Amino acid sequence: MAEASFGSSSPVGSLSSEDHDFDPTAEMLVHDYDDERTLEEEELMDDGKNFSSEIEDLEKEGNMPLEDLLAFYGYESTIPAVANSSANSSPSELADELPDMTLDKEEIAKDLLSGDDEETQSSADDLTPSVTSHETSEFFPRPLRSNTTCDGDKESEIEDVETDSGNSPEDLRREIMIGLEYQAEIPPYLGEYNGDDEKAYENEDQLLWHPGVLLESKVKEYLVETSLRTGNEKVLDRISSGTHTRDNEQALYELLKCNHNIKEAIERYCCNGKASQEGMTAWTEEECRSFEHALMLHGKDFHLIQKDKVRSRTVAECVAFYYMWKKSERYDYFAQQTKFGKKRYNHHPGVTDYMDRLVDETESLGGTVSSSALTCNRPEPVPDQPLNILSSFTASDLTALTNSVATVCNPTAVNCLDDSFPPLANTPRGHVNHVPVVTEELLTLPSNGESDCFNLFETGFYHSELNPMCSEESERPAKRLKMGIAVPESFMNEVSVNNLGVDFENHTHHITSAKMAVSVADFGSLSANETNGFINAHSLHQHQHAALHSE
């Protein structure tokens, strides 16, 4: 009964004497073969049987010794030592010594399906061996894996894999070679080097300086003295008191050749012409102007700058000078005279500090060489924003300013120019495309007496023959301050040419370039007497307005 129950309860079925791989047939795949459904049908068929006797048999088998149990199922002991010690040991101890024979369905299926496909067709009966006819070693010729594999089994499997790959475990085991036994043996040098007869290699080194002979303080004094003798005192002045003195290899080499005689080394260093300069030599004014002119023409192409304008310098010196020049005041002046200076305020449209802008305009006007405005070939742009500082002039300020202008333009200075200039009536007017000319339509004077100082109009210029006076033509400054006059109509009615007391017959006056430009915000606050005193210092021509500019 126990045998029948054991055979019926086997989940796999009976296995043949030989180990075969399970290969489902086409019928099993088509009809969806299911082992569990077959087991359920067998259980339904055995419902009428009594399983109480089977339970009793299982209990008896649990109490039976291992040798009797193996003999009952047809097993023979393959290990004699185990058989001999079975009499002296309990069944529990023997069970611990035996490997765990509990296998899962998945593990058995993996082992059965992992072999080579030798036979394509087999049945379920061929998969299960006969339990009563063969030994355990014949059931499973290959080791089966279980859920309770110990670490020793894992190591043995790894060794088997390494052996199968062709490498022994000793070859795959790497050792860290540290110690005296692993060090390389360096043979002693057998040859001898003679400095007089032979050289270590073809290009022999040359000793330039030996630092252990003189004291460091004396060496520093020597370097400072050589710098002063060779014209590098400017470089030394820029060095702060806490910094070290820069080494000069050429000077130290001269000191070594003189056997560390400082006086002799200084004389030889200054006389042989090989003194190395610690900094770049100063650029002349001509070189600076040529560099700036070439920079405007070629941009930052220093090769063209050196080739075209500054041939006395190398390209490296031009590059070094450019970065020094960018940080100097000369660059600021250069930017004001070129397009860079004109675009400075355009890049910042939100500027509200007009005092700084007025100072810049004044510096640009005052820093240029005195030249005539009549030689200008293009009109200057009018500032975009009004200058509010001009509206703060009072009558007393204008009177003082007029007296200073009258002092500069005295009758003697004016008379000396009468022979050099033609009469004003015969002087041609300037071309409109070059210089804007003032006409009567431009003098828009308000009739209500309100100030209109911000309505600046263009200035008039007259061309004159200045060849006897000016031999060289210089450029106008890039930035000029435009000024105009707005006179109320009530003031013009009170003022007449006859009341001014000006003699037009004896003197002919001309506009010169040494006068200052003045803009009056409002003449409404001035009386007729003050106005006459203000205008008596000047000579008026056909127009009531004269634009005077100061270069």
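Each Cβ is built from the backbone N, Cα and C atoms, and glycine gets one as well.
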Where Swiss-Prot marks phosphoserine, which residue is it, choosing among SER17, SER114, SER527?
SER114
Do you know which of THR120, THR149, THR163 is annotated phosphothreonine by Swiss-Prot?
THR163
Hey, which of SER10, SER168 does Swiss-Prot call phosphoserine?
SER168
Do you know the mean pLDDT across the domain 'ELM2' (174-273)?
76
